[in-house]
Amino acid sequence: MLQIACFDTGFHHAMPAIASHLALPRTLSDRGFRRYGFHGLSYEYIALRLRELDPILAQGRVLAAHLGNGASMCAMRGGVSIDTTMGFTALDGLMMGTRTGSIDPGVVVHLQLQEGFSAGEVESLLYRQSGLLGVSGVSSDMRALHASADPHAAEAIELFVWSAARQASALIGSLEGLDGIIFTAGIGENDPIIRAAICARLAWAGVRLDEGANVSGADVISRSDSDVTVRVIPTDEERMIAMHTSNLLEHEQGTDS
Ligand SMILES: Nc1ncnc2c1ncn2[C@@H]1O[C@H](COP(=O)(O)OP(=O)(O)O)[C@@H](O)[C@H]1O
Ligand SMILES: CC(=O)OP(=O)(O)O
Ligand SMILES: [Mg+2]
């Protein structure tokens, strides 16, 4: 039976070598220890859709923010990924629902050597017990955090925003400037409070949000005098999988006949 796999890393494959290199010894980098990046199917869809909605912006320097349970950002130039926040695994970069995002790797070493954590316990801590859930002690779900009166919930939201803006700022550095931001996935598509808070921390890059458009869920949520166009585009990873599958099947049929 024919089986088809669509890799979530594929879109980032053309990243410059410098953006995919980890500063590890050659013996490890030669064996594939590098930054791969994830949410590639989502970013590929965003790049395609942006080309339809705003072809001029699609040619420019765009920061795409996939904020769901897993959260990452992608720096795109002309619709091509040039840098992204996830790396060898989907653990790096932004703070997420239950994952830490970037933390000092020394914490991992210390937990194992000084605190007696097993490798499995560390894995569970980093992937499933941290992030919004770990910091709030309430929930990994952004809606539940907004609804909670617990000050730790507010602290988790603040840290999520700070982490996102910090990662965004690094990608703006890779892009050497910024023409547009695209928000997508569960939080990015539906949460005007988080979008506004991240954009406020990116005012230094020329981002000016239209509060009314942001709250009403418009497609374009930046002000007309903003240097940076901010859009919300619902992602569709399943459509990309269907498209790749259909293209492959057509190719298969073409080579059969
Ligand atoms: N209306 C909403 N307002 C705020 N957050 C939302 C809303 N709808 C979904 N979310 C948040 O989106 C996140 C899930 O995103 P989603 O893209 O569905 O995740 P997954 O990575 O599992 O596909 C959760 O934190 C959820 O609270
Ligand atoms: C790659 C990744 O984090 O996926 P998800 O957002 O589905 O957790
Ligand atoms: Mg998802």
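The backbone N, Cα and C atoms fix where each Cβ goes, glycine too.
According to TrEMBL, the active site, proton donor/acceptor annotation covers Asp8. DSSP assigns Asp8 (active site, proton donor/acceptor) to coil, not to a helix or a strand. If you draw a 10 Å sphere around the CB of Asp8 (active site, proton donor/acceptor), it holds 22 other CB atoms from the protein chains shown.
For His39 (among others), the entry in TrEMBL reads site 'Transition state stabilizer'. Secondary structure at His39 (site 'Transition state stabilizer'), as computed by DSSP, is coil. All protein chains included, His39 (site 'Transition state stabilizer') registers 29 other Cβ atoms within 10 Å of its own Cβ.
In the three-state DSSP scheme, His66 (ATP binding site) falls into the strand class. Positions annotated as ATP binding site by TrEMBL: His66, Leu67, Gly68, Asn69, Gly70, Asp141, Met142, Arg143, Gly186, Ile187, Gly188, Glu189, Asn190.
According to TrEMBL, the feature site 'Transition state stabilizer' maps to Arg99 (among others). Of all Cβ atoms in the protein chains displayed, 27 besides its own lie within 10 Å of the Cβ of Arg99 (site 'Transition state stabilizer').
Annotation source TrEMBL lists Mg(2+) binding site at Glu237. Sequence-distant neighbours of Glu237 (Mg(2+) binding site) (same chain, six or more apart, CB under 8 Å from its CB) are Leu41, Ser42, Tyr45, listed in sequence order.
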From Asp8, His66, Gly70, Met142, Gly188: recorded positions whose CA lies within 10 A of Arg99 (site 'Transition state stabilizer'): Gly70
Annotated ATP contacts His66, Leu67, Gly68, Asn69, Gly70, Asp141, Met142, Arg143, Gly186, Ile187, Gly188, Glu189, Asn190, maximal Cα-Cα distance (Å, integer): 17
Neighbour-count leader, CB within 10 A, binding-site residues: His66, Gly68, Gly70, Gly186, Asn190: His66
Cα distance (Å, whole number) from His39 (site 'Transition state stabilizer') to His66 (ATP binding site): 7
Residues among the binding-site residues Gly68, Met142, Gly186 that border ligand 3 - Cβ under 6 angstroms, in sequence order: Gly68
Entries of Arg99, Met142, Gly186, Gly188, Glu237 (recorded positions) sitting next to ligand 2, with Cβ under 6 Å as the cut-off: none
